[in-house]
Number of protein chains: 2
Amino acid sequence: MSDLTPLSQLGEFGLIRRLQQDITLTQPSTILGIGDDAAILAPPAGQEVVVTTDLLVEGVHFDLSFSPLRHLGYKAVAVNVSDVAAMLATPTQIVVGLSMPSRFTVEAVEELYAGMRLACEAYGVDLVGGDTTGSRGGLVISITALGQVEAGKAVRRSGGKPTDILCVTGDLGGAYLGLQVLEREKQAFLADPDTQPELDNYNYVVQRQLKPEARLDIVHELRELGVQPTAMLDISDGLASEVLHMCAASGTGARVFSEYLPMANPSLEAAAEFNLDPLTCALNGGEDYELLFTIPVTDHAKIKNHPDITVIGHLTEKNDAVNLITKGGQAVPLQAQGFNHF
Amino acid sequence: MSDLTPLSQLGEFGLIRRLQQDITLTQPSTILGIGDDAAILAPPAGQEVVVTTDLLVEGVHFDLSFSPLRHLGYKAVAVNVSDVAAMLATPTQIVVGLSMPSRFTVEAVEELYAGMRLACEAYGVDLVGGDTTGSRGGLVISITALGQVEAGKAVRRSGGKPTDILCVTGDLGGAYLGLQVLEREKQAFLADPDTQPELDNYNYVVQRQLKPEARLDIVHELRELGVQPTAMLDISDGLASEVLHMCAASGTGARVFSEYLPMANPSLEAAAEFNLDPLTCALNGGEDYELLFTIPVTDHAKIKNHPDITVIGHLTEKNDAVNLITKGGQAVPLQAQGFNHF
């Protein structure tokens with residue numbers, strides 16, 4: 001442990017110089033990256049720019065006792081890229097604000113940055129600026145992501161029309177179940193520090209929690225399929241909450257069929273083990289970072305064979321409200337049970 | 001006090017709705033503001049986009065016992081606008097991340113936002129997005145600002161040439177002296193809570209600390225004067241530190257004349273009262289948010305009568321190093337005593 005370097009030894013400027021060394025810029029629109037008062041970007045003609053910001057706060061969004069810093073760095077970028085993807089835009093740049101307690105070492109910050117760089121490579125994003133400072137509380141990661149999209153093609157959550165088909169990508173509930181596994185292993189460790197964590201059987205759900213991926217692949221595939229969603233958002237607070245947001249913004253109702261909600265087998269197995277209703281996990285488990293979107297009925301043929309897109313229902317007139325349709329055919333009002341951060 | 005509303009009562013989405021109500025958008029480049037996964041912007045053709053981010057962290061950058069929340073909100077925007085101005089760009093949009101302890105009330109957040117809105121109006125900036133979350137530590141304010149500048153006209157810190165004239169705007173050291181006054185009054189209050197703060201004689205320096213202004217006015221005036229600075233940055237960490245940054249980036253030395261450093265009378269008086277060397281305050285007191293810039297000698301006539309721009313020296317060849325020239329004509333190496341946040 002004696003090889004670790006306290007942050008105070010390098011100081012803010014020394015740390016910035018050290019982190020900056022490993023950064024490469026690949027976006028043609030990046031004119032100037034880290035190192036000045038601001039980065040300079042040149043969005044191509046005919047493109048609009050999207051911008052989104054997300055905070056990850058220790059003790060609220062993550063627990064350093066089971067979140068490896070590299071994964072955390074990756075996730076912090078991925079969740080912002082996910083918001084860009086949810087506009088049908090291509091992410092281009094991020095800026096990163098870090099507020100770090102003095103117990104952090106230079107090596108810890110490098111791990112965090114290594115994860116952010118990995119995500120930047122995976123999503124083709126340039127890290128072009130940031131601010132690095134101390135903290136009197138825990139670690140706070142603030143990322144702002146920029147993206148580009150052909151003018152007029154950005155997809156808002158408000159564009160859904162009654163009869164539009166409601167689709168989700170991937171599968172649901174996994175990230176929430178991964179969190180249950182991690183919390184259980186943490187309690188076991190606290191009760192007996194000699195316990196080895198038993199995570200091997202839960203790789204899928206734990207990965208979903210610790211290292212989610214933004215569905216940028218789907219953005220590219222929708223473009224290739226010639227499908228322009230009418231409304232879209234990413235599932236960060238749970239499917240139910242996002243469907244309600246979409247319907248509120250679009251001025252529609254919706255019918256979501258419980259039997260169509262996609263869940264992976266490892267998630268179903270974990271739900272059974274934890275005595276959790278899989279439907280609740282799919283509807284209200286957050287942090288899956290899948291995309292929820294609507295398309296006109298006439299585009300159904302284009303997506304129906306896509307292995308990673310599932311039709312889960314459709315929008316309706318507003319006065320039909322937002323309902324979950326059970327296997328038995330009953331309509332139950334959909335309710336959000338989002339996480340209250342305060 | 002019973003009328004105050006705990007944050008948990010509104011929840012994250014309720015709070016966002018409430019804060020969103022008062023926001024007006026005025027920038028032609030803002031296509032879509034708060035309320036979706038990302039904001040949508042359309043930078044005009046021929047313009048480049050600059051982007052910068054800054055964190056303000058409770059206990060590191062501010063002390064809520066003497067920083068009114070409205071001022072703090074204003075300052076958080078101003079310091080980001082200052083970075084945009086330092087590129088010779090016009091600020092256009094900001095996004096705001098807030099991590100707030102649960103002891104915060106809705107009314108407190110509204111005060112903070114009121115200050116941010118005031119600054120947005122003052123600088124013509126649209127608040128287009130954000131993220132609002134809890135905190136297990138203190139308040140963290142993370143702002144990312146975007147700006148526009150004619151392609152190729154953004155001013156970097158690296159463009160200074162030997163013989164270029166070195167200029168600063170406004171006056172120096174005031175914000176640091178304001179902090180001394182506030183810290184003294186806080187100690188007096190802690191020692192005897194019946195003490196009334198004595199701030200009337202220190203209005204100028206206290207304002208410089210609590211409610212600094214970004215020198216966007218100078219950006220406009222330089223454009224009107226037809227002056228394109230060769231290098232520029234804003235003075236956040238103290239003049240000495242910023243001159244050293246500029247020289248390192250530009251590959252030059254510099255001569256800064258101590259007798260030319262501009263200080264306001266209230267700052268000089270406060271320095272005398274606190275037994276502080278005014279020169280040290282001017283060189284190393286941070287947070288003045290004035291602009292430091294260089295112009296070619298041939299542009300000297302254009303700025304020499306400007307009441308708010310002072311020539312403090314000039315750049316030199318790199319091997320002449322960065323020196324402070326004392327009144328007696330002695331050359332002393334300039335040294336930064338920046339604040340270490342860790």
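Backbone N, Cα and C define each Cβ position, glycine as well.
No curator has checked TrEMBL annotations; they are predicted automatically.
TrEMBL annotations:
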DOMAIN    B:35-149  domain 'PurM-like N-terminal'
BINDING   B:Asp37, B:Asp83, B:Asp234  Mg(2+) 3 binding site
BINDING   B:Asp37, B:Thr52, B:Asp83  Mg(2+) 4 binding site
BINDING   B:Thr53, B:Asp54, B:Asp131  Mg(2+) 1 binding site
BINDING   B:Asp54, B:Asp83  Mg(2+) 2 binding site
BINDING   B:His61, B:Glu287, B:Phe339  substrate binding site
BINDING   B:Tyr113, B:Gly130, B:Asp131, B:Arg157, B:Ser236  ATP binding site
DOMAIN    B:164-319  domain 'PurM-like C-terminal'
BINDING   B:Asp237  Mg(2+) 5 binding site
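Of all the binding-site residues listed here (B:Thr52, B:Thr53, B:Ser236), it is B:Ser236 whose C-beta has the fewest other C-beta atoms within 10 angstroms. The subset of binding-site residues B:Tyr113, B:Ser236, B:Asp237, B:Glu287 lying near chain A, with Cβ atoms under 8 Å apart, is empty. Comparing the Cα of B:Glu287 (substrate binding site) with the Cα of every entry in B:Asp83, B:Tyr113, B:Arg157, B:Asp234, B:Asp237, these being the binding-site residues, the smallest distance points to B:Asp237. Per-residue confidence over the domain 'PurM-like C-terminal' (B:164-319) averages out at a pLDDT of 94. The Cβ of B:Asp54 (Mg(2+) 1 binding site) has B:Ala76, B:Val79, B:Asn80, B:Asp83, B:Ser142, B:Ile143 as same-chain neighbours under 8 Å, each 6 or more residues away in sequence. Looking only at the binding-site residues B:Thr52, B:His61, B:Asp234, B:Asp237, the one with its C-alpha closest to B:Gly130 (ATP binding site) is B:Thr52. Maximum C-alpha to C-alpha distance over the listed ATP-binding residues B:Tyr113, B:Gly130, B:Asp131, B:Arg157, B:Ser236 is 32 Å. Across the fold, the C-alpha of B:Thr52 (Mg(2+) 4 binding site) and the C-alpha of B:Asp234 (Mg(2+) 3 binding site) stand 13 Å from each other. Neighbour density for B:Glu287 (substrate binding site): within 10 A of its CB lie 20 other CB atoms from the protein chains shown. Across the structure, B:Thr53 (Mg(2+) 1 binding site) and B:Arg157 (ATP binding site) are spaced 17 Å apart at their Cα atoms. Here the binding-site residues are B:Asp37, B:Asp234, B:Asp237; the one with the fewest Cβ atoms within 10 Å of its Cβ is B:Asp237.
In this structure, the binding-site residues under consideration are B:Asp83, B:Asp131, and the one with the smallest number of other Cβ atoms within 10 Å of its Cβ is B:Asp131. Between B:His61 (substrate binding site) and B:Ser236 (ATP binding site), the C-alpha separation comes to 12 Å. Across the domain 'PurM-like N-terminal' (B:35-149), DSSP assigns 35 helix, 49 strand, 31 coil.
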